[in-house]
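S.K.: I have a structure I would like to understand better, so I am pasting it below and will then ask my questions one at a time.
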Amino acid sequence: MVALTLSPTKTLFLNSHLLHSTSKPHFINPYSTKTQSLHSSRFLSFNLVTCKLKSPQDIKNKDKNISKKIVLSEAAPSLAEKDGDGGGGGGGGEGNGNGEVKAKSGGNFMRLVKRFPRKVLGILSNLPLAIGEMFAVAALMALGTFIDQGEAPDFYFQKYPEDNPVLGFFTWRWVLTLGFDHMYSSPVFLGTLVLLGASLMACTYTTQIPLVKVARRWNFLDSSEAIRKQEYSDTLPRASVQDLGVLLMGAGYEVFLKGPSLYAFKGLAGRFAPIGVHLAMLLIMAGGTLSAAGSFRGSVTVPQGLNFVVGDVLGPTGFLSTPTDAFNTEVHINRFYMDYYDSGEVSQFHTDLSLFDLDGKEIMRKTISVNDPLRYGGITIYQTDWSFSALQILKDDEGPFNLAMAPLKINGDKKLFGTFLPVGDAESPNVKGISMLARDLQSIVIYDLEGKFSGVRRPGSKLPIDIDGSRIVIVDAIGSSGLDLKTDPGVPIVYAGFGALMLTTCISFLSHSRIWALQDGTMVVVGGKTNRAKAEFPEEMDRLLDRVPEIVESSCSKEPDNVSG
């Protein structure tokens, strides 16, 4: 043990290995009275104050001990270790410093080749450029919403004619030449996405990753002036930097000691968050691109009781679309039916589907409805619409006969279907018959040969109606199921991207706080700063510093200078 005299009546004892600190930073364990090295298993113990009776020899050398100061380290440590071997200067330059370039033109060309990637990265990582790219993507998406997608060329010829251009210049040539009829797989849109992705990666490489590397370094400050220049600074006149480190550990900081210097930080995850945000945005764009250029889509309206093959309905949406074995699946419509409100309005559509493989074996069966699709082999089948296929009737106890129902155009979005049962000679130019109209599958309105209302019958009620000598029974109403089919390989990637975006956005609100301290005799100079929570950080520091114990006189050190005996 080495005794350091604070005053003629005060003696402070520290372990000798604390007086001679190693060059490696030390990590403080708040639950132990030992200081643990971060990179080794050595444990250093220390006693802050002990008592010792003075001998006559101590009294004799009192004057010499008074002039000595407390020294916690023999020499101030260096700020940081340099990368590499740390040899003589000259390392890190573009040339080797020993030879000259023999071919000047060749050397210039090589320097240009080396600098070219840096210039490209500098241009791509430019913030105004990235903002402009984001606005361009948003504008193209808005334009894709305004322009009807996937229509035939004749549709655009009529809607955007050259003799009456929109805004004075926008015609069908813009739509078809630039691919705006399939905006989200057009070269313009995909090229803008690629450019935005390159800007995000360049920004991550040139800005965010270096910031994280700097934040992870042990950045010690060995001068009081540098510490006092921080956003927050204070001085503890009689304190120990080790005690401060223990309190910081308890507050969630990672603490490192190097001689009399202390460095602590917390919230490093907040520095990683911008990189995570960029990666999440890249995932979203990659998934969206795969969805636009690698999907299959199709729609079909199938009457109850009929089949269709998945591959006959689906069509590719882009150059990345690749069919799978599930395209050979056959779909059978077992039954289509609807639910109704008390008012008679349709509330829900249901379709009972069966899937069959190439051998005719049923591999899956499910009743789907709106917002409850069927998924199999990467293919999703949605219930989106319905139609009235046929009306099954008995005429004069003969049949049943299936009368095809045709959709009729009316104002608004209401549906109306109708059919006609000829009476007499069907080949006559003035043929007459019984008309039947329906808004849905639950009731049929019947009109006689003169077009007069005759009555209403429900399908399956078996209640006959007599019209001009004909006895009609409505047996059944056969509906058609409107289905949308699609494959979208980008959906899992987009979902993962949005999940990562929400998580990293929350993490980005974590404050990255750093604290420096320096032992100067019995005084500790403390400084710190944070990138967020600027108002809360000083309050937190005040609370921590108020808890740092003060070095006081030991009561057992107050004894007579002369010891008898």
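Backbone N, Cα and C define each Cβ position, glycine as well.
Taken from TrEMBL, the feature region 'Disordered' applies to 79-101. Per TrEMBL, compositional bias 'Gly residues' is recorded for 86-98. Annotation comment: TrEMBL describes 120-147, 188-207, 275-296 as transmembrane segment. The domain 'ResB-like' annotation in TrEMBL covers 129-389, 432-542.
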S.K.: So, by DSSP, how many helix, strand and coil residues make up the domain 'ResB-like' (432-542)?
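M.R.: For the domain 'ResB-like' (432-542), the helix, strand and coil counts are 24 helix, 53 strand, 34 coil.
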S.K.: Determine the mean pLDDT over the domain 'ResB-like' (129-389), rounding to the nearest whole number.
M.R.: 90
S.K.: With a Cβ cut-off under 8 Å, give me the same-chain residues at least six positions beyond the ends of the transmembrane segment (188-207) that come close to it.
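M.R.: Contacts with the transmembrane segment (188-207): 120-122, 124-127, 129-130, 133-134, 136-137, 140, 144, 178-180, 274-275, 278-279, 281-282, 285-286, 288-289, 292-293.
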